[in-house]
Amino acid sequence: SLLQFNKMIKFETRKSGVPFYAAYGCYCGWGGRRPKDPTDRCCFVHDCCYGKLTKCNTKWDIYSYSLKSGYITCGKGTWCKEQICECDRVAAECLRRSLNTYKNEYMFYPDSRCRGPPEYTC
């Protein structure tokens, strides 16, 4: 669920998903075109991961996971829940690896500045 994803982000980055990532760049939040930096690319990959789970309720399904010893571990559950957890885990870890590229200027970045053809495809 989005609430669980927010907890994973906070665990990995020490920043809350809202406001730090909810409307960051062109992909964090509702998605868009042309990722602005590595942080935004993490959100692009997360969007692609969710996009492959068309039969799953990616934003609201509650899954099993644990946060221990600096690691996120996804637990057992339905196929959908396990896949959603993996999408969220990989994205949260990506955001941690991209912390050194995070730019405050991309917080609440206007959609109008995310125009042009897509730079990447899923």
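Using the three backbone atoms N, Cα and C, a Cβ is placed for every residue, glycine included.
Fair warning: this is a prediction, and the values are worked out from it, not measured in the lab.
Database features (Swiss-Prot):
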- Cys26-Cys114: disulfide bond (DISULFID)
- Tyr27, Gly29, Gly31, Asp47: Ca(2+) binding site (BINDING)
- Cys28-Cys43: disulfide bond (DISULFID)
- Cys42-Cys94: disulfide bond (DISULFID)
- His46: active site (ACT_SITE)
- Cys48-Cys122: disulfide bond (DISULFID)
- Cys49-Cys87: disulfide bond (DISULFID)
- Cys56-Cys80: disulfide bond (DISULFID)
- Cys74-Cys85: disulfide bond (DISULFID)
- Asp88: active site (ACT_SITE)
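Feature annotations (Swiss-Prot) mapped to structure.
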residue: Cys26; record: disulfide bond; contacts (Cβ under 8 Å, 6+ apart): Gly32, Arg33, Arg34, Pro35, Lys36, Asp40, Tyr109, Asp111, Arg113, Cys114
residue: Tyr27; record: Ca(2+) binding site; contacts (Cβ under 8 Å, 6+ apart): Pro35, Asp40, Arg41, Cys43, Phe44, His46, Asp47
residue: Cys42; record: disulfide bond; contacts (Cβ under 8 Å, 6+ apart): Cys28, Ala91, Cys94, Leu95, Ser98
residue: Cys49; record: disulfide bond; contacts (Cβ under 8 Å, 6+ apart): Glu86, Cys87, Val90, Ala91
residue: Cys56; record: disulfide bond; contacts (Cβ under 8 Å, 6+ apart): Cys80, Lys81, Gln83, Ile84
residue: Cys85; record: disulfide bond; contacts (Cβ under 8 Å, 6+ apart): Gln4, Tyr63, Ser64, Tyr65, Cys74, Gly75, Gly77
- C-beta crowding around Cys74 (disulfide bond), within 10 angstroms: 20
- Minimal Cβ count within 10 Å, across the disulfide-bonded residues Cys28, Cys48, Cys87, points to Cys48
- Item | Spatial neighbours of Gly29 (Ca(2+) binding site) that are distant in sequence (at least 6 apart) but have CB under 8 A | Tyr21, Ala22, Ala23, Cys43
- Query: What's the CA to CA span in angstrom from Cys122 (disulfide bond) over to Asp88 (active site)?
  - Reply: 16
- Note on the structure: Quick note, Cys48 (disulfide bond) and Asp88 (active site): C-alpha atoms separated, nearest Å, by 11
- When you measure from the Cβ of Cys122 (disulfide bond), how many other Cβ atoms are you left with inside 10 Å? 11
- Looking at the disulfide-bonded residues Cys43, Cys80, Cys94, Cys114, which sits with the largest number of other Cβ atoms within 10 Å of its Cβ? Cys43
- Query: For the recorded positions Asp47, Asp88, which one has its C-beta crowded by the most other C-beta atoms within 10 angstroms?
  - Reply: Asp88
- Item | Collapsed DSSP category at Cys74 (disulfide bond) | strand
- Message: Let me check the 10 A CB neighbour count of His46 (active site). How many other CB atoms are there?
- Response: 23
